[in-house]
Each structure stands twice: as structure tokens, then as C-alpha cells.
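Colleague: The following feature annotations were taken from TrEMBL:
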- Q24, H125, N169, Y297, W401, E408, W409: substrate binding site (BINDING)
- E170: active site, proton donor (ACT_SITE)
- E355: active site, nucleophile (ACT_SITE)
Amino acid sequence: MTLANKLSHFPPTFQWGVATAAYQVEGAATNDGRGPSIWDAFSHTPGKVLNGDTGDVACDHYHRYSYDIGLMKSLGVTHYRFSVSWPRIFPQGRKDLNVKGLAFYDRLVDTLLDHGITPILTLYHWDLPLALQQQGGWQNPDTAEAFGHYAQTLAAALGDRVKQWITHNEPWCTAYLGHLSGEHAPGLTSPSAAVNAAHYALLSHGKATMALRALRADLQIGITLNLSPVYPDNNSEESRKAASLQDVFNNRWFLDPVFLGRYPEELALILGAVPQHTPAEMEIIRQPLDFLGVNYYSAQVVSAPQRHQPAWPVPHVTPRDRTTAMGWPVIPRGLTDLLMRLNREYGPIPLVITENGAAYDDLIEEGMVHDNERIAYLSDHIEAVADALGQGADVKGYYLWSLMDNFEWAFGYAKRFGIIHVNYRTQERILKDSALWYRNLIREALS
Ligand code: FCB
């Protein structure tokens, strides 16, 4: 069976979306009172981002959002996932509200709704106000408090029109890439910083969820985790043990506290530390959620013995595997397995694929981008979602990463994930073949 034969697995209410994040697309880094974030500081530190790229201008979405929403409309997407830049709202992290910054998201949401596109909002996609970092950032419990207040402020302003809310995007990256490997802002390299940052980011998720619910009962609230299944390379006990430890690191570090209210014991074996935590904090972290956001890019095959870090990018690429321009193996089956496992071990919980997509080295030929590898990647993964739906998983939506090429963190503008090509010199947008393919797929699925 091919994807075309499985389109009936998608319910008519399925969310066919695209995703972006504030620092990756907005630019306008100092406009209208926006304060600096840790990513401004990090990207402006020599040697941290490839080619010295920064998000100062990015896709200039801050000024071109209306045009970009027109493009989304032309593709027929039903939903748009974006993130809010916390330092646009609170330039110092707390206290003084920046009305102009808030007004941008007000316009964005209204323009989406005018075009019949449903917004889904992420509160934190990595751009912590620098002022909060200077007070310890995610290692300081006060940041969790400030996050709750920020969440409530946004919900008071936008909650009448935005009904789906995501607290954090990929806290694993905040903790590990930001505090242990140092590849992401704030660029620290300490295991204890990583476990504590993870803990207070999770606590802030719980606090924000409570704050949002206290304000409005009609919001759908979730968290987005980057999850990557792990397969042993053979059935030996050593390989299975290695895979299960890697799974703790990749997945259970965040899934267990969010859904079960506890950290996996093996975390200490991997990271050399477990966070200091109280039962009361774990209760706050384990909030009933309306959905789990799943970001899926690849899976891992491990053999024993294996060092359990770092896990990303994914090692053990066999010569048989196709890989993306990030070097990540293309393993669509991992997505079906993951969705079924979440359903089995952490459910019942509605699932939303909040990111999936691929970087390739695109070429412009006569004004067109024939990105057939990306189309194959997307088709195989959307088929994997159809398979999970066919097997009973409750998947509500699929958000393609990304609407357009953008600032890919430590890789700057060198890696292109968009279905729309962006010329960073002229800001011209070109629909890649994958955009037209996605448009046709959505059209067929909804017909
Ligand atoms: C995810 C991030 C997203 C993007 C993709 C490629 O980890 O959430 O911002 O960079 O990877």
C-alpha cells in the first residue's frame, strides 16, 4: 500500500500544519522594544554558530508575516505552529510588559484566523530572555515562576483566539545541548547544570499549565518532546541493555516525569547526577495534559558496549541507510513504533506530530527547487503516521518542519529544512516542489 491508499486513515478533523519558531524566522531582533535573548548573545559569540550567522534578520517574518500567511493559505494548510519570543513580551524576562511586542502576535493571530488557519502557540522555543540567564536561567527556580507569569500574560491576551498551547519545545535540547554539550545557548558544559535545567524547565511546564488552566478552561495544553526510538543492533542481552539505557537518555528523561511523575533511576548512570527534587515539585510537573507534541526526525540503532552520550546526531548509520543533509538516517518506521509505544506506555493521550521534516542540499534550477528527496522523506513519514492511525493511535495532527528555510541554530543558514526556499539576501520566497506536493496531499486528504 502507498500513502495515497492510506489517506482515508486521516480523519477529516486532522490538523495539516506547518511549523516555525520565533528566533529562527522573525528577525527584527531589536525592533519595537524586544530585549536580547540567550540566542542573540550566543550567535553573536564568535565560533558558536557556523559562518557567524545570527538570527538578527532571519526570514524577516516579523515584517513579512502577512505575505507568509498568504503562502500558507495557497498551500491549503489548516494549522500553523509558531512560537512566541519571550523577550519581545518581557524584554527583561518579567515585570515590564512590552505592549508593542505583544501587538505583533495579536496581528499574527488575527491574520491567520482571517485566512482560515488555526494557530497553535509554543511558549518557549529556546529564546530565554538574557536578563533571566544572568540570574541563573533554567538552573534558577525563579525562572519557572517567571515562565508561569509569562504564560498567563499571553493567555490573557490571546487565549480568546488561540486554543492550542504548547509550553516547551524539546526541553531535552534546552538541557542537554544548552547545558552539557554546549552546542546551543547558553553554551554550558556541566552535567549537573543539565539535570537541574531539565528539572526547572519541567517545573515551569507544570506551573505554566496550571496558570493557563486557572485563567481559561477552554485551552488545550501540551508539551513538545523530541523523541527518538532506540533499537538494539541484535538480540544479545548487552545490546538490549545498551538500547534501554540510551532510551532513558533520549526519551524517558522527559516522558517519565511528565506522565509518571518520577525520573528514571538509570538517569544517574548516564548523566552522573539526578536533579534535586521534592515530591511536591514532581506533582506540579505531572499535570494532566490534553495532548503530547512529538517531534520526530530519526531513530537510533545501538550496539554494546556503547557510551551513552552524546546521542545527537544519531550514530551508527549503516551504509544501507538513506541520510539527510544533517547526517540523520531516514527511518520512517521509527515514527510508527514511537506513536504506538507512547499510546501503550504513556497513554491514553492524544498525540500531535509537532515537527517532522528534513534538510537537503537544495538546488535552484530555473527558479525551481526539485527536492525529490525531501518529498520521499515526507511521504514515507506521513505514511508512517497513517500506519499508526490504522493501528489505533490517536494522532490529531502533523506539522511539517518547516514552512520555510530558516536559522537552523548552530548550523546557521547552512541547513535548509523548508518547503519554501528563502533567498536570505533578497528575502524572496520560492515554493519548492515539496510545497506543491504537500498542497496536493492536503487537498486529496480533505476531499
Ligand atoms: C528541532 C527544533 C527545530 C528545528 C528542527 C530541525 O530540534 O525544534 O527548531 O531546528 O529540530
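Keep in mind that glycine also has a Cβ here, set from the backbone N, Cα and C atoms.
TrEMBL entries are annotated by machine, without manual review.
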Colleague: Between Y297 (substrate binding site) and E170 (active site, proton donor), what is the CA-CA distance rounded to a whole number of Å?
Modeller: 13
Colleague: Rounded to a whole angstrom, what is the C-alpha distance between Q24 (substrate binding site) and the residue listed as 'active site, nucleophile'?
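Modeller: So the Cα of the residue listed as 'active site, nucleophile' lies 14 Å away from that of Q24 (substrate binding site).
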Colleague: Report the largest Cα to Cα distance, in Å and rounded to a whole number, among the residues Q24, H125, N169, Y297, W401, E408, W409 that the record lists as binding substrate.
Modeller: 18
Colleague: Quick check for you: of the binding-site residues H125, W401, E408, W409, which have their Cα within 10 Å of the Cα of the residue listed as 'active site, nucleophile'?
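Modeller: The binding-site residues close to the residue listed as 'active site, nucleophile' (Cα within 10 Å), listed in sequence order, are W401.
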Colleague: Are any of H125, W401, E408, W409 (the binding-site residues) within 10 Å of the residue listed as 'active site, proton donor' when you go C-alpha to C-alpha, and if so which?
Modeller: H125
Colleague: Cβ within 8 angstroms of the Cβ centroid of Q24, H125, N169, Y297, W401, E408, W409: which residues besides those meet this for the substrate site?
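Modeller: Everything else in range on the chain: A21, E170, E355, S402, N406, F417.
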Colleague: Can you check which residues sit near W401 (substrate binding site), meaning Cβ under 8 Å from its Cβ, same chain, 6 or more apart in sequence, and list them in order?
Modeller: V18, A19, N295, E355, N356, G357, F417
Colleague: Just how many other Cβ atoms lie inside 10 Å of the Cβ on Q24 (substrate binding site)?
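Modeller: Result for Q24 (substrate binding site): 26 other Cβ atoms within 10 Å.
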Colleague: Counting Cβ atoms within 10 Å across all protein chains shown, which of the binding-site residues Y297, W409 comes out on top?
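Modeller: Within the set of binding-site residues, the most crowded position is Y297.
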Colleague: Using other CB atoms within 10 angstroms as the count, which residue among the recorded positions E355, E408 scores least?
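Modeller: The recorded positions E355, E408 were compared, and E408 has the fewest Cβ atoms within 10 Å.
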